Amino acid sequence: MGSSHLLNKGLPLGVRPPIMNGPMHPRPLVALLDGRDCTVEMPILKDVATVAFCDAQSTQEIHEKVLNEAVGALMYHTITLTREDLEKFKALRIIVRIGSGFDNIDIKSAGDLGIAVCNVPAASVEETADSTLCHILNLYRRTTWLHQALREGTRVQSVEQIREVASGAARIRGETLGIIGLGRVGQAVALRAKAFGFNVLFYDPYLSDGIERALGLQRVSTLQDLLFHSDCVTLHCGLNEHNHHLINDFTVKQMRQGAFLVNTARGGLVDEKALAQALKEGRIRGAALDVHESEPFSFSQGPLKDAPNLICTPHAAWYSEQASIEMREEAAREIRRAITGRIPDSLKNCVNKDHLTAATHWASMDPAVVHPELNGAAYSRYPPGVVSVAPTGIPAAVEGIVPSAMSLSHGLPPVAHPPHAPSPGQTVKPEADRDHTSDQL
């Protein structure tokens, strides 16, 4: 019998037992898989769940207690869950991606196993759009390279020296920016770009007609048209099996000679080997990438290590302190809706609803009538936000989850490339929930 049939102790595939909550049951376990700061999530979940962290980068690093007992999981983009990984979780009912993108989760397999997958689609729209414009401005005005020249001791005084060090700087007004994917982030980028004087084109075959008139943009019907007419191309679509390596050796040759390329969406959209070659040959004048095929990114290895005129940042376009707190709060609220309501009906942003084979109603729970000693609390209640500490010195919320050999001196701290490239005029199918649900984060 396969492992997937053993997950639920005899229940059919895709049907998982409900979370048992209420006065006669312990609080269910919710785990943050790839982080260790739960201070934002705790106030939202502490009366309905025990919250723990794993700080793992793979399921091999997740403690057996979480694999056996966790009913909910929170995760960022730094861990990947394949079907094999998902089958290790015996009681999991919901995963919430703290961010918009969810290409690091096999959502179909999760649905087959009865696990709902949710995201935070409006997360970091402003931050990602701002970061995109920052990259575009850097490419046009060469700010990064000018700074680097001064840091390296280059003397810049005469007009000739300025011309030399600022070679390649260009005027923005009148240039054409091509946006691939006009979801939330794409629209925010378009509005900012227009304010800087760009003519803005976009390609999005799955967006309804009319948005271009409302925003004052020009729509093109094929990817080839956008690449041919754009001085700078920026990507704002999700990643799936249809658009992996959307920018490849073939599509690079369809771009204008000397165009710029910006990617703050998903690393797999760009064939980095083809990009490196295009940068070396000058077919692409400059590129700025916040996301990469292999993360964490390093200039010391991979095809981009010797590429000229390249700006790289570490998948941070989404980040601001405000955005981080907002997305964590919303992710925690989604977990709470799952525990106290019905899956998937009570969920706000379930991305694999069509794949779920069953929806189990979980009894609602009134925390006001739950006695602490019967609500999974083996220790007395503390003021809001305080986590008690077990005799071992490990916070009670994580005791038995973090291996005893690990010293904790503190509490919870504040697709394969398709065999052929897209042909001219071919539409490229994005995923159903792209960055209108995006990743950029």
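The backbone N, Cα and C atoms fix where each Cβ goes, glycine too.
Among the features that Swiss-Prot reports, active site is placed at Arg266, Glu295, with the record citing similarity to another entry. The annotation region 'Interaction with GLIS2 2' is assigned in Swiss-Prot to 288-360. The active site, proton donor annotation in Swiss-Prot covers His315. The region 'Disordered' annotation in Swiss-Prot covers 409-441. Feature annotation from Swiss-Prot assigns SUMO cross-link to Lys429.
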Sparsest Cβ surroundings (other CB atoms within 10 Å) among the active-site residues Arg266, His315: His315
Pairwise CA distance, His315 (active site, proton donor) versus Glu295 (active site), rounded so that it is a whole Å: 8
Residue distribution over DSSP helix, strand and coil in the region 'Interaction with GLIS2 2' (288-360): 23 helix, 7 strand, 43 coil
Averaged pLDDT, computed only over the residues in the region 'Interaction with GLIS2 2' (288-360): 93
Neighbour tally for Glu295 (active site), based on other Cβ positions within 10 Å of its Cβ: 13
Spatial separation of Arg266 (active site) from Glu295 (active site) - C-alpha basis, Å: 11
